[in-house]
Amino acid sequence: MNWRRIIYVILLVSLTVVKALPRSYRDIEEKNSIGQRFSQLQENNFKAIAVIMFAQYVPGGTFGKAVKMAEDVTDLAKRCAAAARDNPDCLKPLDRIFLDTICQEENLPGFTDCCAKKDPERNDCFLSLKNSSRGFISPFERPNAEAACKNHSQHQHSLTGYFIYEVSRRHPFLYAPTILSVALRYDEMMHDCCGSAEAPTHNPEECFRRQAPKVVKPIKEQGLRQEHTCGILTKFGERTLKALKLVQISQKFPKADFVTVNKLVVDIANMHEDCCRGDTLDCMRDREEILHYVCTNQEALSSKIKKCCEKPLLQRSECIVTADNDDRPAGLSPHVREFIEDKGICERFAQEKDAHLARFLYEYSRRHPEFSAQMLLRIGKGYEDLLKECCKTGAPDGCCSRGEEELKKHIYETESVMKTSCDIYKEKGDYYFQNELLMSFTKKMPQLTSAELIKFTKQMTTIGSRCCQLSQDKLLPCAEENLDLVLGEICRRHLAEPINAGVCHCCSGSYALRRPCMGKLEIDENYVPLSLTPGLFTFHEDLCTTEEEKLQHKKQEMLITLIKYKPQLTQEQLASVTAAFTAMREQCCKEANREACFAEEGPELIKRSEKMLSA
């Protein structure tokens, strides 16, 4: 297959196709959807999307297997589109056809239990494997220049297809058009960096170093966001996801009326259900319908998305998501006192329940773009708890009036936490700020590996560098919403391999309260500290490296081990041990025989440190 041509065709026809796609393969009237979808997409496009679907469902399979299964399903779709509509296989829902194809294949790893189940349990089983599949596949990074260009010259047409397969299996929830769009960038990078036989690029290594981030970054960021959203839907349910989307849309489109915002909330929640279930074609159709609605109604929604709606189709979604919030309507007061002071509030709450709470969230969110979505959800939860208490029979007069004081207290506490964190970041800088986080999170989650702790705290440090320089009205949305992505990743790690009871409590409780819950975790009292074995702390001449990044990484690994050995470690004790370590390192790095010096002085450092830690 000529993958480059296929991708271009898909990008050109996708809007037309999704408008024509049936509402859902589950609809009774659309039982023969595989034939219809084949006719709408045409053969090569259908096959390309099938490869993505199989790679996402079977990440441990081979490229050859994914292509073979895609060809099998495409052959069936072709027959169904032609004349075989009475064939029982043509009447099956699309998800069942894909899963049947997987289950008929031999030598596919780890799917026996799922294939033994009946639908819809079988699909749920496959989706649960999607959630935990990323751990055993290394992420896509910058390619080796020499090997990549050799492959490109020998297998130019199939290389882009192989890239699509590799990205798909590493990111099982990533939106298919995003994968295809990134594949185009990959193809352009290979052409630019490897050149042709007649005109080879002078320095392909430097070219890859410059261009690879443009390929890798969207994969990582959008893959993480999609998986994060699916995690919220799976763990906390549709109600929580709808509340989150209600807040985000109300902030972005503050002049839109409640009915319009609510329609978008329902449509977007339905889209995520399709995407997270693995229904690639319905996911594509849902997203394009939403984009079409937003862009045709932009005058009623926002003045900030005009340029987004003029962009090529696949660039619109990300552009709208990252566009500035529209200006608040003139005369919109910052308060919503009618939701507390109105005498008929309890009656409305009793009659309308979630609809009343949704209207409160809408009105409060559109007034406060300076608050994070998670903070607004906590405010919404606080309002719900207030009504439940104050609308009980026998509740004291003026019960609801304390709501405003509680609200002010919560806003102050949240802003204080973020300000304190940014003050520490500005004072200490990246490396020492990350070390502060490492101390805190190693005590909270000592069961995580050193690599995991360094990765998660590095992500948090990056949030500090990105958000702490922003103005006060941008700080909270930037900091807490990005931090929520990291906490979501930690919770998915816990789901795959439980960390401890404290993390379990925070990850299983309220989504809105997850960040404050994690913040309040202290030392895991049930953790059994590491024993001081001869190999626990080792010192070698590689500590004399002049590469600061490598040295910092080694020191952070030692810091984690030290905390896992002494979880009660104080800042004063750490300062003493660090000073002793620095003196030893400086001494040994001056010696002619560095390794011998570390072998002699290392055990002495451990003995002195033991005394410091016991004091």
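Glycine residues also receive a Cβ, built from the backbone N, Cα and C atoms like all the rest.
Here the candidates are CYS390, CYS422, and TrEMBL names CYS390 as the disulfide partner of CYS399. In TrEMBL, the cysteine linked to CYS346 by a disulfide bond, out of CYS295, CYS391, CYS400, is CYS391. In TrEMBL, CYS275 is paired through a disulphide bond with CYS283, chosen from CYS283, CYS295. Only one of CYS295, CYS308 is recorded by TrEMBL as the disulfide partner of CYS319: CYS308. Each of the disulfide-bonded residues CYS309, CYS319, CYS422, CYS507 was assessed for Cβ neighbours inside 10 Å, and the highest tally belongs to CYS507. Of all the recorded positions in the record (CYS80, CYS114, CYS275, ASP279, CYS506), the one with the smallest CA separation from CYS390 (disulfide bond) is CYS506. Within the same chain, the residues at least 6 positions away from CYS149 (disulfide bond) whose Cβ sits under 8 Å from its Cβ are MET190, CYS193, CYS194, PRO204, listed in sequence order.
Considering only the disulfide-bonded residues CYS308, CYS319, CYS491, the residues lying within 10 A of CYS506 (disulfide bond) on a C-alpha to C-alpha basis are CYS491.
Of CYS103, CYS114, CYS275, all annotated as disulfide-bonded residues, the residue with the shortest Cα distance to CYS478 (disulfide bond) is CYS275.
It is CYS125, among the disulfide-bonded residues CYS125, CYS390, whose Cβ has the fewest other Cβ atoms within 10 Å in the structure shown. For CYS125 (disulfide bond), the nearest neighbour among the disulfide-bonded residues CYS80, CYS275, CYS295, CYS308, CYS399, judged by Cα separation, is CYS275.
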